Amino acid sequence: MPKVSVIMTSYNKSDYVAKSISSILSQTFSDFELFIMDDNSNEETLNVIRPFLNDNRVRFYQSDISGVKERTEKTRYAALINQAIEMAEGEYITYATDDNIYMPDRLLKMVRELDTHPEKAVIYSASKTYHLNENRDIVKETVRPAAQVTWNAPCAIDHCSVMHRYSVLEKVKEKFGSYWDESPAFYRIGDARFFWRVNHFYPFYPLDEELDLNYITDQSIHFQLFELEKNEFVRNLPPQRNCRELRESLKKLGMG
């Protein structure tokens, strides 16, 4: 069985997905399986993905979902991640998106950290984000640090910077009935909602190195949500829950 299960979600990012997949398959640590969970992307994106399927570490799954209404009935990336978790065989679980780049030693360094520190169930690294305009020019650069142990991770950490033991998921599902929350009320902050669940049991331990790079583009769901574009997708979403709500509820529980 592989040591690590990497779960990548994908949807219509033909300009970026090849770089994302390549950054994972070229890791210095090779004992992993990669789930590419595609949400029925266009043919252009699928043509980019297909050459990578010859690698025996890759497991590709494509949904048959269609239509805006169906896409807003659940937080789609959470549903895809839950599907992958049910199939995952790794001792450790980590995440990626189709516009996220792993640094070459990301898996090696995070596996080493968990192997060396059995008391740590969840770790996270620092990460860099490039914000791109419609011409794909970098207009802003930000860094999320990894400086402290936290019992209040929602909206402070990106899920592409996290690795955790599979056993974390078992505790989460036992308490909440699922791994990631698929409610569309958390479309904006699906990873924050998952971290909220995890923080009921475990703190997040820092690994103070930049081990992944993210792109925020006009193709991303988060761009659409944060810019509040009045498109059909946004109009069909229910009112969105927020970071403050999650963080305050953890504080009331004595977490952070």
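Backbone N, Cα and C define each Cβ position, glycine as well.
The annotation active site is assigned in Swiss-Prot to Asp191 on the grounds of sequence analysis. Feature annotation from Swiss-Prot assigns disulfide bond to Cys155-Cys243.
With a 10 A radius on its CB, Asp191 (active site) counts 24 other CB atoms from all the protein chains. Here Cys243 (disulfide bond) is positioned 11 angstrom away from the residue listed as 'active site', judged by their C-alpha atoms. Classification of Cys155 (disulfide bond) by DSSP places it in coil, neither helical nor stranded. The most crowded of the disulfide-bonded residues listed here (Cys155, Cys243) is Cys155, judged by how many other CB atoms sit within 10 Å of its own CB.
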